[in-house]
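In TrEMBL this protein carries:
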- 5-43: domain 'Sphingolipid delta4-desaturase N-terminal' (DOMAIN)
- 43-61: transmembrane segment (TRANSMEM)
- 68-87: transmembrane segment (TRANSMEM)
- 107-124: transmembrane segment (TRANSMEM)
- 187-204: transmembrane segment (TRANSMEM)
- 210-231: transmembrane segment (TRANSMEM)
């Protein structure tokens, strides 16, 4: 339990991220992939159904004993909430309405955000675009843990606590690494969320509010789906910075597990990423991959050579353009 991991700093690299070059190669060899670069209109109806499902759950839990509110918040609410954050991820890439209707996607993201209880969608989009453009960029990519996280969460027990507290670190980290001025859309996102929360409390009371917020926190913390946070970019194998997962939880997460494919083609909706892998199999089949996010979480905690420091970082060159 008290073993300290060996790594004491990030893995600094001085090469560009691999995804842009691989995208050019693949498109030159498989130009038919360009046909997949179009909106996924089914995403709209899936998100609407998910919001309705959570509204129904808010109503159903309002008179339950507290133990059952907690039970359903973890068993059902957490899955829907985490899945909705990944729907918002899709929407941030304009997958719902397409690039020509960017603002439609922003408004729809605010709508999808409502059953999470906390404003998230607009800020996520701003920082997530930086993650794609400047993967591992020092002071820019807020998906990279802080030095404090790497230094402090250095034992098996502390790494376990770090996983439990993931939603708090993802919320606080941007303020520490790359704070940005608040935009009008972020204020709208906040006000819409507060109004929604007040209405839910007025209609159905504190248990519905607790179910909503607890589901979001639990779903993004110690939860099987949360394995994707670590599986995507933590360096279990030296020299490999992005990893794909091809297990069944992709069905709940809009194929976010197809992460090499996603970074290679961020303008292709998650629904079509398995087709990318199939068409360009020679590029993906031999890359390191996972089939279990639960095992990723277990290995992260138990492997004394892995910690929040197990990420590639880059000193950025040239002009940096942020959202």
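Using the three backbone atoms N, Cα and C, a Cβ is placed for every residue, glycine included.
Note that TrEMBL annotation is computational and uncurated.
Sequence-remote contacts of a segment are chain residues at least 6 beyond its ends whose Cβ falls under 8 Å from one of its Cβ atoms, and for the transmembrane segment (107-124) they are 44, 47, 50-51, 54-55, 58, 80-81, 84-85, 87-89, 91-92, 96-97, 174, 183, 185-186, 188-190, 192-193, 196-197, 209, 212-213, 216. Only residues 6 or more beyond the boundaries of the domain 'Sphingolipid delta4-desaturase N-terminal' (5-43), in the same chain, are considered here, and those with a CB under 8 A from a CB of the stretch are 87, 90-91, 94-98, 135-136, 144, 150, 154-155, 159, 235, 238, 241-242, 254, 260, 263-265, 267-272, 275-276, 279-280, 283, 304-307, 309-315. Tertiary proximity for the transmembrane segment (68-87) is limited to same-chain residues at least six positions away from its ends with a CB under 8 Å from its CB atoms, namely 43, 46-47, 50-51, 53-54, 57, 61, 112-113, 115-116, 120, 124, 207, 210-212, 214-216, 218-220, 223, 225-226, 252-254, 256, 270. Tertiary proximity for the transmembrane segment (210-231) is limited to same-chain residues at least six positions away from its ends with a CB under 8 Å from its CB atoms, namely 54, 57-58, 61, 69-70, 72-74, 76-83, 85, 115-118, 163-167, 170, 197, 200, 243, 245, 249, 252-253, 256-257, 259, 290, 292-297, 300.
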